[in-house]
Structures are given as C-alpha cells and as structure tokens.
C-alpha cells in the first residue's frame with residue numbers, strides 16, 4: 001500500500017468518490033459554524049467596529065490562494081517526474097479554484113480597506129504580490145486552454161508552474177523593496193507574544209479549516225470531472241476509429 | 001554557435017525581420033506619454049524613469065514571438081534540435097541574438113528619448129547602465145516564454161500574458177536603480193539585484209526553455 005496507488009485513475013475515482021461526501025459535509029459544517037460564530041458571536045473591535053469580521057473570509061481565502069499554487073507546484077513536479085496523469089489533471093483542476101480564492105481575498109480586502117484605510121487599493125507589498133499571483137494563475141490557465149494535445153499541455157504548464165513559482169516568489173520579495181507596507185503583519189504565528197485575541201482567532205481557525213475542506217472538495221470534484229472528460233474523449237476517439 | 005548567432009542577427013536585420021519595429025514602437029510609446037499626462041516638464045521628469053523602463057520592456061516584448069516561430073515553421077528548429085549543439089546552447093544563442101538586435105539598440109536610443117521626457121541630468125548615465133544590465137534578463141525570460149508558446153497558432157498574445165508577470169522583478173529593480181541614481185541616492189543595491197536577476201536567468205532559464213522546446217517538438 002503506497003500513496004502512488006492513487007495515481008491509478010480507477011483507484012483514484014473509487015477512493016475519491018467514497019471520501020468526497022464526507023469532505024463536502026465537513027466543509028459545509030465548518031464553514032457554517034465558523035462564519036456564523038465569526039459574524040454573530042464575536043465582539044466588535046474597539047477601533048474597527050464590525051468591519052473586522054471580514055477577516056473570517058479574507059484570511060482563509062488568502063491562505064488557500066497561496067496553498068492552491070503550492071499544491072499545483074507539487075502536482076506539476078509529480079507529473080514531470082513520475083508521469084501520473086491524475087497529478088497533471090489535479091493541477092489543472094486546482095488553478096481556477098486558486099483564481100477564485102485570490103479574487104475573493106483581493107475583493108474582501110478592498111471592501112475592508114475602503115472604510116479602514118480610506119482606500120480600496122494601495123500598492124502595498126502584500127496586495128501587489130497577490131495581484132501578481134493572480135496574473136500567474138491567469139497565464140497558467142490560458143496556457144492550458146491554448147494547447148490541444150493534453151500531454152503537451154500538461155508538460156508545458158508544469159514547466160511554466162515551476163518557473164512561475166520562482167518568479168512569483170522573487171516578485172513577492174522584490175515588491176518589499178519597492179514600497180513600504182500598509183498591511184498588518186503576521187498575527188497568527190505560534191511563536192509570537194502578541195497575536196489576535198482568542199475571541200477572533202478561534203472562529204478564524206474554524207473558517208480556515210472550512211476553506212481547506214472546501215478547496216479539497218472542489219478539487220476532488222473538478223479532478224473527477226477532468227478524468228471523466230478524458231475517458232469520454234477516449235471513448236469518442238475509439239468510436240470514430242471503429 | 002557563432003554561425004547561428006550571425007545567422008539570427010542577419011535575419012532580423014533584413015527587411016521584415018522586425019529590427020526597426022521595436023525601436024519605432026519605443027519611440028511612439030515615449031511620444032504618446034506627454035499627450036496623456038500633459039506637457040509639464042516637472043511631472044514628465046518625475047515619471048520619466050518608469051516610463052522609459054516600461055517602454056523598453058514593451059518594445060522588447062514585440063519581437064519575442066519571432067525568436068522561434070519562423071524556425072519552427074520551416075523546420076530549422078528540428079535541425080537545430082538534432083544538431084550536435086545542445087539545445088540549451090541554441091537557446092542561449094537565440095536569446096543573445098535577440099538582445100543584440102533589441103536590447104542593445106533600445107539601450108542606445110533610450111537617452112535620446114529621455115530628452116523628450118526631460119529626464120534630469122544625472123539620470124542619463126544610470127539609464128544606460130540599468131538598461132544595459134537589465135535588458136539581457138528581458139531577452140532571456142522572453143526566450144523562455146517564446147519556447148513555451150512556439151507550437152501554438154496564435155501564441156503572440158498568450159506570450160505577453162505569460163511573460164509580463166515574470167518581468168515584474170526586473171522592472172522593479174531596474175526602474176528603482178534608475179530613480180535612485182537620478183536623485184543622487186545610493187543605487188548600488190537595486191543595481192546588484194538587477195544584475196543578479198540577469199545572471200540567474202542566464203544560468204537557469206535556458207534549461208527550462210530547452211525542455212519546453214523538446215516538448216513542443218515531440
């Protein structure tokens with residue numbers, strides 16, 4: 001029994017089909033609990049008022065926006081090294097979810113920033129690097145869409161993902177050089193004295209778990225769809241040949 | 001390698017090679033800016049470093065899809081791939097040819113165009129230095145983008161979408177070094193970062209570009 005057994009599409013379909021309802025249920029429960037807890041059962045911040053509650057959507061979506069790219073990077077590496085098709089399809093399936101997460105993070109940030117910072121957009125390092133991340137996502141998806149042969153597309157997008165990761169990381173630190181930040185620093189670290197108060201941190205953790213579960217369930221659904229699409233194309237090709 | 005380099009340079013110099021196109025484009029971008037922001041020389045002088053760098057970057061982008069497309073169409077790229085020269089070497093030579101026919105002329109013409117934007121006196125030296133150090137990175141990153149999209153029918157637009165986000169760090173350090181140098185501040189740090197990007201891109205990206213070409217020729 002090893003992890004690589006799930007590289008077999010049939011095995012993957014079987015296991016993911018069994019797991020999927022549970023992940024969806026987990027996502028629904030944690031998101032409902034987390035969001036309701038966060039929105040209605042936390043005190044207003046003494047300076048920010050109730051606008052602070054957008055954090056329960058902003059932080060988890062930003063978390064997933066970065067981790068979706070990380071997941072695509074790992075999946076691309078697995079595809080390039082071991083040539084498991086499920087891996088390439090999972091990377092393809094993750095990209096649009098990552099785009100949505102990035103957009104949610106940018107939008108909720110803008111909605112919060114308008115009353116708090118007095119501006120919806122500021123060329124702050126974090127905001128800018130997220131915008132650049134969005135551009136990388138768009139390029140990745142466009143490259144997938146532009147190439148007909150699925151294996152060539154998987155190869156080229158994987159190469160792009162590897163190189164793009166380096167440049168995305170480079171941009172992230174380059175923009176630090178270019179402008180000083182307005183965005184608050186990390187405030188959920190385990191090794192710091194001053195963190196977000198538990199009244200906010202606990203529902204935030206629940207929401208983060210909810211977004212992770214949401215991402216996993218969307219990813220499984222989309223990967224399963226991609227596998228079915230691949231099978232359908234194979235059937236059609238066989239029929240045409242017969 | 002030298003033969004290939006000379007061939008590429010000669011091809012792009014000839015009519016239809018797009019040699020003058022990038023320069024003309026650069027000129028037009030720079031001429032359009034004052035129409036957009038107004039003719040006040042103080043405003044123009046402040047934004048000149050950024051505009052010059054963005055203009056050079058966009059002009060560089062224009063000729064990228066020509067790096068491999070013609071060779072791919074007439075089959076010479078297959079010959080290069082099967083020749084004793086490693087494909088990585090071909091990529092380096094192609095990027096070098098692109099730099100000589102685009103980056104160098106852009107660098108040389110930039111001070112003339114900077115006159116139009118009223119760049120402060122101290123800026124000219126730094127404009128030459130930053131562009132000379134930064135344009136190789138633009139050519140190499142662009143060559144990688146061209147290698148990714150060489151098999152596509154209408155790859156030009158996609159190429160811009162892929163390459164432009166990767167130009168961000170180069171642009172940041174290049175324009176920053178120029179801005180600092182222009183104001184008489186210490187410009188060494190961004191300049192070193194710019195050089196680091198050029199050298200790292202030269203060392204690593206040919207490998208990725210050659211891999212992309214091999215996939216496209218499969």
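Here the Cβ of each residue, glycine as well, is placed from N, Cα and C on the backbone.
Since we're looking at a predicted model, the values are computed, not measured.
As recorded in TrEMBL:
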type	residues	note
DOMAIN	A:4-183	domain 'Cytochrome c assembly protein'
TRANSMEM	A:20-42	transmembrane segment
TRANSMEM	A:54-81	transmembrane segment
TRANSMEM	A:93-115	transmembrane segment
TRANSMEM	A:127-147	transmembrane segment
TRANSMEM	A:159-179	transmembrane segment
TRANSMEM	A:199-221	transmembrane segment
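Taking Cβ pairs closer than 8 Å, the transmembrane segment (A:93-115) reaches residues 51, 54-55, 57-58, 61-62, 64-65, 68-69, 71-72, 75, 121-122, 127, 130-131, 133-134, 137-138, 140-141, 144, 211, 215, 218-219, 222-223, 225-226 in its own chain, all 6 or more past its ends. The stretch in closest packing with the transmembrane segment (A:20-42), judged by the count of Cβ pairs under 8 Å and taken from A:54-81, A:159-179, A:199-221, is A:199-221. Same-chain neighbours of the transmembrane segment (A:159-179): 69, 72-73, 76-77, 80, 91, 123-125, 128-129, 132-133, 136, 139-140, 143, counting only residues six or more beyond its ends whose CB sits under 8 Å from a CB of the stretch.
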